[in-house]
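Over in TrEMBL, the protein carries these features:
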- 25-47: transmembrane segment (TRANSMEM)
- 77-97: transmembrane segment (TRANSMEM)
- 104-124: transmembrane segment (TRANSMEM)
- 166-183: transmembrane segment (TRANSMEM)
- 195-212: transmembrane segment (TRANSMEM)
- 218-239: transmembrane segment (TRANSMEM)
Amino acid sequence: MASHRPGPQPGTAVAGAGDQHGWALLYLVAGASSILFVFLLIAALVLDFMAPPPVHGGAATLGFIASNKAGYVAEQILWILPNVLPVLVFTALFVALSTVRRSLPLIALIFGALPWALLLAVPVSSRGSLNLVYLSDRFMAAGSEDEQRIYATAAEAIIAENNTPAIVGVLSALGILLMGLAMLRAGQAIFPRSLAWVGIATGALGVVSEVLRHAAPSFYWGYGILLWVWFVATGIALIRLSRSAALRLGGA
């Protein structure tokens, strides 16, 4: 009678390590995306400092866009398009942490990734909007002051939306906080504790900063810098995880 030797069961440490083997490419791409995300935002800031767009006044904004269309469009694309990259980062973090714990990483994924995905559907970037480019063209082609006033009023509505604190900012910061807690509870087997604490600090400061964005802008600048640090550190950690997963796969 053949003896029965049970293999690794789901949820065990061996099964968790095996789960990591097939995700090396995801970790690598997500890690590179996390770092790329920061560089793209820095590029957007450089364009913003070179030619800062007005944040008040519909007519002034539309006139500015007409004079700086190429730079304005490039800046808006750099603010909006990279928002897809954090979705990939949070997904990779969930996959990595789900081998140890599942509930908290899943909650962090929902709160962290969904706001970035929703920002792709929102026509504003907090520093402008691609919709304003069309209004600028119509504003400059208008044949009368009354017609220009119509387009300027429409621009004011978009500018007001830019200057209104969005709940998605609070949710994304909360997602980073929860992901940091998930890393901390998972121990150092997957991510270093230092990264977990950076995530907790970034998320906590982010929630406060997003709520008080216009009342205390200095907090928001501090959060922005810490957010970049978290994304770069997370990217490095994911790239290292991809290498270790690939080595384990090669030695299997």
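Placed from the backbone N, Cα and C atoms, the Cβ positions cover glycine too.
Note: TrEMBL annotation is automatic and uncurated.
Within the chain, the transmembrane segment (218-239) has long-range Cβ neighbours (under 8 A, six or more residues past its boundaries) at 27-28, 30-35, 37-38, 41-42, 86, 89, 92-93, 96, 173, 176, 191-192, 194-195, 198-199, 201-202, 205-206, 208-210, 212.
Note on the transmembrane segment (195-212): residues 165-166, 169-170, 172-181, 183-184, 219-220, 222-223, 226-227, 229-230, 233-234, 237 of its chain, located 6 or more positions outside it, place their CB under 8 angstroms from a CB of the stretch. Listed by sequence, the residues of this chain that lie at least six past the ends of the transmembrane segment (77-97) yet keep a Cβ under 8 A from its Cβ atoms are 20, 23, 26-27, 29-31, 33-34, 36-37, 40-41, 43-44, 47, 104-106, 108-109, 112-113, 116-117, 119-120, 125-128, 130, 172, 175, 179, 182-183, 186, 190-191, 231, 234-235, 238, 241.
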